[in-house]
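Novice: This is the structure, below, for whatever I ask next.
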Amino acid sequence: MLRLKTQDSRLKTQDSRLKTQDSRLKTQDSRLKTQDSRLKTQDSRLKTQDSRLKTQDSRLKTQDSRLKTQDSRLKTQDSRLKTQDSRLKTQDSFSVDDNGSGNVFVCGDLVNSKENKVQFNGNNNKLIIEDDVECRWLTVIFRGDNNYVRIHKNSKIKGDIVATKGSKVIIGRRTTIGAGFEVVTDKCNVTIGHDCMIARDVILRASDGHPIFDIHSKKRINWAKDIIISSYVWVGRNVSIMKGVSVGSGSVIGYGSIVTKDVPSMCAAAGNPAKIIKRNIIWARTDKAELISDDKRCSSYHAKLTQ
């Protein structure tokens with residue numbers, strides 16, 4: 001009997017413990033449910049925040065797109081204003097007299113330019129002046145059709161250019177030309193290379209200006225011929241270079257010369273008519289240079305011409 005009571009007491013104790021454990025498990029389960037509910041709430045909040053962030057990101061992208069569009073429009077307006085400003089500067093520095101049709105004048109951003117004139121007396125002529133060119137008291141006259149004149153960037157030029165009957169005149173980069181300069185053409189080409197130094201009152205006459213005939217054949221005998229001045233040539237003051245002449249790179253033409261025959265590269269020529277007085281020379285724009293290496297441009301051309 002005593003044993004049964006003891007077993008019964010033990011069973012009751014175990015049952016009590018099981019109930020306690022069950023109560024604890026229920027409590028834990030309740031806590032887990034609470035945590036799960038909180039996690040779901042947090043997850044919902046995170047999803048809401050993520051949705052808001054996506055909405056904000058979308059709005060920011062839209063704003064960024066609008067800003068880019070506005071920036072593009074502002075750049076376009078700025079470009080137009082610069083173009084208008086360039087045209088106004090060109091109009092301010094050039095007077096244009098167009099007496100034909102199909103004529104074109106393209107002008108870049110000029111430097112310190114004033115009192116220039118362009119006159120078109122014909123059709124389909126073209127004048128192109130590139131950026132950073134300094135034009136002062138320059139007159140360009142087109143006579144007839146299909147003439148072409150181009151002045152490359154970083155050049156400085158004064159004087160008169162007359163292009164006649166399908167002629168072409170090209171002036172290279174960084175070339176400087178003094179006042180009183182004159183180019184006369186007639187169905188021919190005049191080319192001045194890069195880095196040339198042309199003094200005041202220089203005349204390049206590719207045409208005699210008026211025809212001369214043989215009285216027996218009755219045919220013209222003085223047709224115009226091309227003039228070519230290569231890059232890096234120094235032409236002194238009051239020089240006249242006549243039709244058909246070519247002057248080689250690195251050469252110098254002395255004061256007051258009349259050049260009727262070709263001058264090779266790296267030669268000094270002078271006189272009337274000009275003759276070669278010294279070979280194997282090269283000049284420098286820098287007046288203080290004592291060696292070829294003292295002038296970068298001179299050194300560069302010397303290397304090219306002697307390699």
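We count from 1, first residue shown onward.
Including glycine, each Cβ sits where the backbone N, Cα and C put it.
Relevant sequence annotations retrieved from Swiss-Prot are reproduced here:
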REGION    1-95  region 'Disordered'
COMPBIAS  1-90  compositional bias 'Basic and acidic residues'
REGION    3-93  region '13 X 7 AA tandem repeat of RLKTQDS encoded by a 7 nucleotide repeat'
REPEAT    10-16  repeat '2'
REPEAT    17-23  repeat '3'
REPEAT    24-30  repeat '4'
REPEAT    31-37  repeat '5'
REPEAT    38-44  repeat '6'
REPEAT    45-51  repeat '7'
REPEAT    52-58  repeat '8'
REPEAT    59-65  repeat '9'
REPEAT    66-72  repeat '10'
REPEAT    73-79  repeat '11'
REPEAT    80-86  repeat '12'
REPEAT    87-93  repeat '13'
BINDING   ASP208, GLY209, HIS210, ARG237, LYS243, LYS261, LYS278  acetyl-CoA binding site
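I would like each feature placed in context: is it buried or exposed, what are its neighbours, and how far apart are things?
Specialist: Counting residue by residue with DSSP, the region 'Disordered' (1-95) contains 92 helix, 2 strand, 1 coil.
Confidence in the repeat '3' (17-23), given as mean pLDDT, stands at 86.
HIS210 (acetyl-CoA binding site) falls within neither a helix nor a strand when secondary structure is assigned with DSSP, and so counts as coil.
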Novice: Which residues in the same chain, at least 6 apart in sequence, have a Cβ under 8 Å from the Cβ of LYS243 (acetyl-CoA binding site)?
Specialist: CYS188, ARG205, ALA206, SER207, ASP208, ALA224, LYS225, ASP226, ILE227
Novice: Go through HIS210, LYS278, the listed binding-site residues, and name the one with the sparsest Cβ surroundings, counting other Cβ atoms within 10 Å.
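Specialist: If we count Cβ atoms within 10 Å for the binding-site residues HIS210, LYS278, the smallest count is at HIS210.
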Novice: Can you check which residues sit near ARG237 (acetyl-CoA binding site), meaning Cβ under 8 Å from its Cβ, same chain, 6 or more apart in sequence, and list them in order?
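Specialist: Looking at Cβ-Cβ distances below 8 Å from ARG237 (acetyl-CoA binding site), excluding near sequence neighbours, one finds GLY178, ALA199, ARG200, ASP201, VAL202, TYR255, GLY256.
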